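Quick notes on the structure that follows.
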Amino acid sequence: MHEKTIAELSAALTKGECSSVELTEHFLKRIEALDGGLNSFVTVTAEQALAQAKAADDRRARGEAGPLTGVPMAQKDIFCTDGVRTTCGSKMLDNFIAPYDATVVERFKAEGCPMLGKTNMDEFAMGSSNETSFHGPVKNPWDTARVPGGSSGGSAAAVAARLTPSATGTDTGGSIRQPAALCGITGLKPTYGRVSRWGMIAFASSLDQGGPMAATAEDCALLANVMSGFDPRDSTSIERPAEDFTARLNEPLKGLRIGLPREFFGEGLDAGVAKAVDEAIEQYKQLGAEVKEVGLPNSGLSVPAYYVVAPAECSSNLARFDGVRYGYRCENPKDLMDLYTRSRGEGFGAEVKRRIMVGTYALSAGYFDAYYLKAQKIRRLIADDFARAFEEVDVILGPTSPSTAFRLGEKTDDPVTMYLSDIYTIAVNLAGLPGMSIPAGFSDGLPVGLQLIGNYFDEARLLGVAHQYQSVTDWHRRIPKGFE
């Protein structure tokens, strides 16, 4: 059952080949048997999942099932879940039980998808390797001595190991696409404003975007249909008519114009990754696409600009965790200042503190113009680069990450090297564009991800371009050894 895609599981439920209860039990057994070596789940909600599965079966019997009713899934532990612990990977929220559901969680509940549990993640979504989590690092199912990527590393590892058919992720600078690449699955970061951020714990509000992670592009399209849509409770949510993201899956690629940014194929790109991406480009040519070089001259500034904008927003967003109303509180504070200082000092991990410090500095009176304002100007230039490129091409293609999964502990002492693992993904967030990563082969036995970037609200086309590639390759069908 776990080898099937969501589309196949949905068909099996419709034909009565299995029930949602059987499916949910199967995945819960896999989590129990196999997650010990991965640490991809923070919380497993077995009782709740089985109750939801039973309700889904009853709903199907009444003829009221939607496309995903009864197909189990997992939520990244950044989405608030009513009555279920929501930690955001931090000691600060280790005992926090959310009093409400995030919009994304509500939508999956309304569709009738049993929630298997909450997946591990980098603390407050800050990290590229899932090593900053208070719950310990997640391991990559392809090689447990290596990282799964981050911050949605738990979601990526769980989907890759087939412990869940799908999981939600969030992407602020690559946190869906980079772990999807390192774990050999498909992940979609929608256009900024497509998916409601209500109830999604904020890191950098102008960059954060939730999205689906699954084995295939078709699965991601089905999940995006559930996740996306206007939400009046999120002031950044975009009001647009509902769209069917599966509508263009079978569109032929003849005449599709693909742009290859020269900045994504230069120094720093691992040879094995470059080879796999080149082979994928050849495959696209065979499918009828036209390929040409494009320029994104300011994309090299994306990492420094991001590491001013994102920490600035995080320092503001994380000011709410002060030990007063909820979250971690230090013992026996002497006075209010001591309560603030010690609660935050003891509750936050090193990377989160680093970003709060950088962000507070960038926003301080003497430095605001030199750092924050300048970073926002660069952000505009990056968006303009993409706009010019999309006048010439329909889709931009390149590697998702400069290398395959690196070893646990290899980059933890060097933040800048760690930050550079998102060098190809960050520009997409700064511009607010949709992007996705799909499996495109292996280098030394480790998965390589291919990144596809689209114009605003062009997710349906992106998903179609990915699906056409997946219809002639089988990389998305590969399962790591020991998890078959």
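In case you wondered, yes, glycine gets a Cβ from its N, Cα and C as well.
Pulled from Swiss-Prot, these are the features on record:
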type	residues	note
ACT_SITE	Lys76	active site, charge relay system
ACT_SITE	Ser151	active site, charge relay system
ACT_SITE	Ser175	active site, acyl-ester intermediate
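Taking only the Cα positions, the spacing between Ser151 (active site, charge relay system) and Lys76 (active site, charge relay system) is 10 angstrom.
In this structure, the CA atom of Ser175 (active site, acyl-ester intermediate) is 11 Å away from the CA atom of Lys76 (active site, charge relay system). All protein chains included, Lys76 (active site, charge relay system) registers 32 other Cβ atoms within 10 Å of its own Cβ.
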